[in-house]
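Asks: Handing you this structure, nothing more for now.
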Amino acid sequence: MEELTIWEQHTATLYKDPRRGFGIAVSGGHDRASGSVVVSDVVPGSPAEGRLRTGDHIVMVNGVSVENVTSAFAIQILKTCTKTANVTVKRPRRVQLPATKASPASGHQLSDQEEADHGRGYEGDSSSGSGRSWGERSRRSRAGRRGRVGSHGRRSSGGGSEANGLDLVSGYKRLPKQDVLMRPLKSVLVKRRNSEEFGVKLGSQIFIKHITESGLAARNHGLQEGDLILQINGVSSANLSLSDTRRLIEKSEGELTLLVLRDSGQFLVNIPPAVSDSDSSLMEDISDLTSELSQAPPSHVPPPPLKGQRSPEDSQTDSPVETPQPRRRERSVNSRAIAEPESPGESRYDIYRVPSRQSLEDRGYSPDTRVVSFPKGASIGLRLAGGNDVGIFVSGVQAGSPADGQGIQEGDEILQVNGMPFRNLTREEAVQFLLGLPPGEDMELVTQSKTGHSLRRWSQSRVGDSFYIRTHFELEPSPPYGLGFTRGDVFHVVDTLYPGSGPGHGHSSHGGLWLAARMGRDLREQERGVIPNQSRAEQLASLEAAQRAAGVGPGASVGSNPRAEFWRLRSLRRGTKKASTQRSREDLSALTRQGHYPPYERVVLREASFKRPVVILGPVADIAMKKLTTEMPEEFEIAESMSRTDSPSKIIKLDTVRVIAERDKHALLDVTPSAIERLNYVQYYPIVIFCAPESRPALKALREWLAPASRRSSRRLYAQAQKLQKHSGHLFTATIPLHGTSDSWYQEVKAVIQQQQARPIWTAEDQLNSSSEDLDLTGHGLAASSGDLSCDSRTNSDYEDTDGEGAYTDREGGPQDVDEEVAPTALARSSEPVWVDDHQGLMGHGTTITDKWETQADSHYTQDQRRQDSMRTYKHEALRKKFTRARDVESSDDEGYDWGPATDL
């Protein structure tokens with residue numbers, strides 16, 4: 001017997017325990033000897049006990065792949081999971097395979113008993129009672145011809161009319177013994193009560209249906225029709241859908257490795273066909289991987305259902321091939337069936353085929369989904385809960401509403417509405433979509449019931465929305481719960497319809513609120529509060545740009561204090577400096593407009609697959625860059641600059657950074673703060689290290705010790721460093737203090753670069769599908785000069801040989817008081833994580849939180865609008881009282897589930 005290790009794929013949903021967490025320990029990673037991230041321990045009594053095992057290989061966490069990553073990256077991904085984690089693992093299983101023998105001569109096949117022994121041999125047991133070994137069984141006589149067309153039964157070598165069916169095990173599936181003609185059987189399961197379950201767990205196995213004569217498989221002679229595919233490029237094929245298999249094969253990039261199990265009886269390719277072999281539309285085919293899957297019109301026409309009653313799947317049956325009938329209009333969500341042509345003495349059998357591409361099953365929906373239709377009235381009569389992390393659920397139904405009449409119940413998951421998938425929508429997006437439907441329009445909902453322990457467990461977890469955003473504008477905090485932020489801050493949004501705001505609430509015209517937690521530099525959640533939603537953020541960002549253009553908002557080019565006015569008037573006398581200073585002052589805001597970046601950008605945590613560029617800021621930047629390239633030329637390379645055609649300043653081409661990264665080196669850049677912003681926008685994500693001087697005398701002593709021949713002014717370098725820390729602190733990855741005359745700061749620089757390269761970074765969500773090796777980011781929507789990085793080194797280092805007066809930074813306005821207290825930026829703030837598991841304490845403040853934002857964005861709120869808000873609040877309250885079957889969030893456990901945040905429609 002030969003042993004074979006196959007990989008079974010399992011997905012477990014873990015709910016974090018407040019004391020034990022998820023209850024697993026992980027180790028390994030591609031930086032370790034094991035290579036894969038492995039579950040090294042499972043804590044007894046934890047959520048992972050009974051679901052995960054020691055030795056499981058973690059493949060995916062909440063949709064993020066953790067294959068070929070470091071263990072630190074996998075741990076960070078698990079840490080970002082707030083309350084729930086969907087963990088997909090690979091679990092090895094050893095199976096016994098019989099020793100291979102020469103295949104029988106063409107036109108012959110194994111006897112029925114031999115085929116049964118073959119199936120049992122794969123299982124690796126001796127329960128069949130046959131004491132013979134595989135070698136003895138292989139020497140048994142073979143007789144009979146196998147008919148590919150016509151007769152579909154197998155007869156024994158003795159010519160009897162009965163034979164044992166094929167008992168085949170392929171990972172998850174065992175095909176039961178069939179009768180002589182392998183007739184399909186029809187079984188109807190009818191629910192008597194809603195609490196009943198069908199009690200069937202289905203599995204699937206991919207097999208080779210057909211081999212084209214012109215393909216590589218036909219020329220290789222290593223594959224045959226009917227072979228069971230166990231692995232595709234090392235990934236177990238058990239329970240994979242055809243669409244998932246297609247995507248897996250398309251990612252093979254020219255080399256496809258298949259682990260197959262030979263089915264000598266070719267049972268799967270000999271299933272009695274109900275239609276002609278030429279009707280390929282009835283079985284979805286993935287052989288043509290160069291084109292999209294399509295569903296061709298069938299050659300025969302499906303008649304009305306055999307029975308008058310409508311099943312939950314609304315299944316239909318096709319008429320016999322010989323008598324085509326006019327085609328009935330079908331719903332795309334139906335699961336159709338085909339029937340065996342009737343013959344004398346035989347009854348009719350339904351063979352449920354592989355669902356079409358348009359069916360719900362192929363899109364990941366289970367067969368117990370329901371389709372309900374009703375016209376939209378003044379109100380929909382539903383209360384929605386959940387979000388993009390768990391799905392959209394019905395947490396309440398208004399008695400007497402059309403939804404109630406169609407049988408929608410509390411706990412139903414809404415999968416689709418009028419062709420719009422709801423599985424990845426936030427609660428705010430789902431509510432806005434439903435409210436956007438005009439009254440009187442027919443609504444077709446695809447729902448799925450969630451009952452039992454899984455429903456209670458989900459409702460108690462209080463999870464819903466979960467995604468991460470990066471901000472691209474500035475906002476002042478609005479106490480007590482309104483969070484402020486600057487450009488580059490990252491937030492974890494957990495509720496897109498914070499109680500008391502948004503669609504369906506009385507304050508909707510004031511703008512909605514998102515409940516979010518600020519992410520710290522350690523990738524942990526810090527303080528939690530509310531921020532404006534997407535539409536409100538767009539208004540505030542536009543207001544910020546308008547105020548900056550008018551010179552009255554934050555970051556405006558014209559100062560309001562006397563000292564700023566003095567520097568402004570002084571810059572007017574320096575005509576050559578004014579244009580450059582003013583242009584660079586507006587560069588950051590203009591960059592956002594040029595790149596078409598929204599106020600909020602969806603981001604995900606991902607490991608960098610290339611050597612990130614390094615920007616060193618501060619009074620010793622030139623010394624650090626020179627030492628790095630001298631000591632480690634194989635790791636670092638200074639990006640060369642070139643002169644502008646219309647300006648004496650210099651630039652660095654983005655292509656230069658890309659070329660250095662392709663050499664597996666860190667590009668050392670001497671660029672301006674706005675160029676750092678641009679690098680982040682085009683997803684190069686530089687490592688920005690700021691060397692902070694302790695004082696001007698200490699800086700002078702350090703420069704004299706490190707570079708005694710330098711003539712650069714310590715006063716000027718210190719002033720530049722103060723200004724950088726004040727205005728560009730949000731760009732710093734790390735800040736290293738300069739103490740004394742030792743080189744400890746240089747050792748810290750090298751350590752920071754090494755640590756940051758290994759850490760995951762926040763990358764744009766919409767770029768996940770691009771190649772990780774493609775660093776050429778041309779065509780990302782930037783302006784014509786987006787490929788250039790300004791490297792006027794007076795802005796961030798001490799390359800200036802003169803000590804003349806001038807603008808301190810190329811990207812800031814006129815000089816300001818550098819002695820002012822430097823306020824720490826949002827990303828630089830260090831505070832202990834504050835967890836607010838039950839954010840009901842924030843309820844009731846939805847109006848007061850937005851007062852300051854409303855004053856900033858709209859000072860013309862009329863009395864008529866306030867009256868409309870009052871009427872809307874009254875209607876909302878009246879609608880809530882009509883809910884007889886919905887549970888309020890304050891209800892007790894005896895009354896029903898605590899659904900957490902929910903929205904009435």
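Residue positions begin at 1 at the first shown residue.
Glycine is no exception: its Cβ is also placed from the backbone N, Cα and C atoms.
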Asks: By the record in Swiss-Prot, which of Ser141, Ser161, Ser771 is the one labelled phosphoserine?
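Replies: Going through Ser141, Ser161, Ser771 one by one, Swiss-Prot flags Ser161 as phosphoserine.
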Asks: Tell me which residue from Ser156, Ser315 Swiss-Prot records as phosphoserine.
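Replies: Going through Ser156, Ser315 one by one, Swiss-Prot annotates Ser156 as phosphoserine.
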Asks: If I look at Swiss-Prot, which residue among Ser790, Ser859, Ser892 would I find recorded as phosphoserine?
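Replies: My reading of Swiss-Prot gives Ser892.
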Asks: Among Ser294, Ser501, Ser891, find the residue to which Swiss-Prot assigns the annotation phosphoserine.
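Replies: The phosphoserine feature in Swiss-Prot corresponds to Ser891.
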